[in-house]
Amino acid sequence: MFPMVTEFMNYGQQTIRAARYIGQGFMITLSHANRLPVTIQYPYEKLITSERFRGRIHFEFDKCIACEVCVRVCPIDLPVVDWKLETDIRKKRLLNYSIDFGICIFCGNCVEYCPTNCLSMTEEYELSTYDRHELNYNQIALGRLPMSIIDDYTIRTILNLPEIKT
């Protein structure tokens, strides 16, 4: 055949192929139109975190036996445990316990391996401050229970996000 005719046929095939690709992309865009939005208006709406969410660590001073298992299993040796050996009863007495959340990677190893369950993960994730030294929590700050977002009337909580079907 003539070269001009074959070029015209190739041009027609390429045009049809391009139109098909544009149509496929448009169909994907239309399939997302009936889904609910994934984003939330953060300060005014908050998601209720799952049970397994790893937020700020809660510490119960009375349960701790100063065994330092949390320090040994921490990948960055983060918890600082100060204790004193009581010679009359031959047991350790905990003096101070602190965690710096500016360095913590929230892996949860300390909570998982604690033999007395004095450590637990809370759902509190708002730990931002203007000074990084304020993120060093001692046993008093670690012992405070987190404020539940369910009890705050100014915040609308979003319970269940629908599953995205693909």
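Glycine residues also receive a Cβ, built from the backbone N, Cα and C atoms like all the rest.
If you look at the domain '4Fe-4S ferredoxin-type 1' (55-84), the same-chain residues 6 or more away from its ends with a CB under 8 A from one of its CBs are 49, 91-101, 103-107, 109-125, 127, 139, 142-143, 145-146. Residues annotated as domain '4Fe-4S ferredoxin-type 1' in Swiss-Prot, with sequence analysis given as evidence: 55-84.
Per Swiss-Prot, [4Fe-4S] cluster 1 binding site is recorded for CYS64, CYS67, CYS70, CYS114. Long-range neighbours of CYS114 ([4Fe-4S] cluster 1 binding site) (same chain, six or more residues apart, CB within less than 8 Å of its CB): VAL69, CYS70.
Under a cutoff of 8 A between CB atoms, and with a sequence separation of 6+ in the same chain, the neighbours of CYS110 ([4Fe-4S] cluster 2 binding site) are ILE57, VAL69, CYS70, VAL73, CYS74, PRO79, LEU119. Taken from Swiss-Prot, the feature [4Fe-4S] cluster 2 binding site covers CYS74, CYS104, CYS107, CYS110, and the record attributes it to sequence analysis.
The annotation domain '4Fe-4S ferredoxin-type 2' is assigned in Swiss-Prot to 95-124 on the grounds of sequence analysis. On the 0 to 100 pLDDT scale, the domain '4Fe-4S ferredoxin-type 2' (95-124) averages 95 in this prediction.
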Rounded distance in angstrom between the Cα atoms of CYS107 ([4Fe-4S] cluster 2 binding site) and CYS67 ([4Fe-4S] cluster 1 binding site): 19
Would you say which of the binding-site residues CYS64, CYS67, CYS70, CYS104, CYS107 has the most Cβ atoms within 10 Å of its own Cβ? CYS70
Secondary structure tally of the domain '4Fe-4S ferredoxin-type 1' (55-84) (DSSP, helix then strand then coil): 8 helix, 8 strand, 14 coil
Between CYS64 ([4Fe-4S] cluster 1 binding site) and CYS104 ([4Fe-4S] cluster 2 binding site), how far is it from one CA atom to the other, in Å? 20
Measuring Cα to Cα, how many Å separate CYS104 ([4Fe-4S] cluster 2 binding site) from CYS67 ([4Fe-4S] cluster 1 binding site)? 20
